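The following features are taken from Swiss-Prot:
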{"type": "MOD_RES", "residues": "C2", "note": "N-acetylcysteine"}
{"type": "MOD_RES", "residues": "D3", "note": "N-acetylaspartate"}
{"type": "MOD_RES", "residues": "M45", "note": "methionine (R)-sulfoxide"}
{"type": "MOD_RES", "residues": "M48", "note": "methionine (R)-sulfoxide"}
{"type": "MOD_RES", "residues": "H74", "note": "tele-methylhistidine"}
{"type": "MOD_RES", "residues": "K85", "note": "N6-methyllysine"}
Amino acid sequence: MCDEDVAALVVDNGSGMCKAGFAGDDAPRAVFPSIVGRPRHQGVMVGMGQKDSYVGDEAQSKRGILTLKYPIEHGIVTNWDDMEKIWHHTFYNELRVAPEEHPVLLTEAPLNPKANREKMTQIMFETFNTPAMYVAIQAVLSLYASGRTTGIVLDSGDGVTHTVPIYEGYALPHAIMRLDLAGRDLTDYLMKILTERGYSFTTTAEREIVRDIKEKLCYVALDFEQEMQTASTSSSLEKSYELPDGQVITIGNERFRCPEAMFQPSFLGMEAAGIHETTYNSIMKCDVDIRKDLYANTVLSGGSTMFPGIADRMQKEITALAPPTMKIKIIAPPERKYSVWIGGSILASLSTFQQMWISKQEYDESGPSIVHRKCF
């Protein structure tokens, strides 16, 4: 990589977490919650020099006095003022760089509305004065990070899950499937089933505790019915968890009932197909000649694919759906929580990519619609 001072910035804006850093690095420098918090009551903290908004970890730690909002819902930006605050925080507080000195690579959800990519482009050039920028599709970056250009990516984060078939580096839009079931829904579901056990979690602060329980103790069962059987007859699957106040709670079949909702959305009262069936449906929407390449290169990406056991279960479920002789391979890279960011870091540091950037000059000549001609 050339000198740090001209390194491109890579910013992956997820519904739950924002990942940011420098192209050429192997991991993001900054990872913080995609939250903007505003004081619930004006002037509670007298003389504290109260700010009118807080971003990320600071918003998280002051959540008791704030109203927290997520500007990215289901992977798509819905509140641009708050989004701008997150980007500002990313550049100036987290990375401590001047955005007008660095090209910026942003990521977007598959099937992101055209107006949204234009708005991102406009904010980068007009608010932050970046010299150059690019918008890449998250799933495509994850595939690059796994060293492939053809495959199907199951990307599941905090706010949305997508299955994205990619051929020779291009996403196939007609076959992309979206499932509005992801980490946040699983956390909510775990809150609900723990309440049935007699533990009460209701506030946004308590939701964070439940998210931690989910991340530390949940796993995907290979055979759900059999696992339920085991859980009801022995205590071998029980684990204990200490709450911040010192109380210890025990969690049993909830450990695998929670992520099971990804395979059986009916648990959440949803009509949708599970992630295995959605992946299969995506593959079946593709040309018959490329299907075997997709089955053999099914890549998991995003934080909600981090549950132990998920790859084996996917293998089993897809095998049951696919033609009998088909070779099926589920790739679950250990760094998949950050593979979108890593793919962006790889892409932005390639010498061949340098002519792909949208420059400030091109933007000034063509306006925001330039993004559709240069980023696809």
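Every residue number used here counts from 1 along the chain in the order it is shown.
Just so it is clear, glycine is given a Cβ too, placed from its N, Cα and C backbone atoms.
With a 10 A radius on its CB, H74 (tele-methylhistidine) counts 19 other CB atoms from all the protein chains.
K85 (N6-methyllysine) is 19 Å away from H74 (tele-methylhistidine) when you measure Cα to Cα. K85 (N6-methyllysine) is surrounded by 18 other CB atoms, counting those within 10 A of its CB over all protein chains shown.
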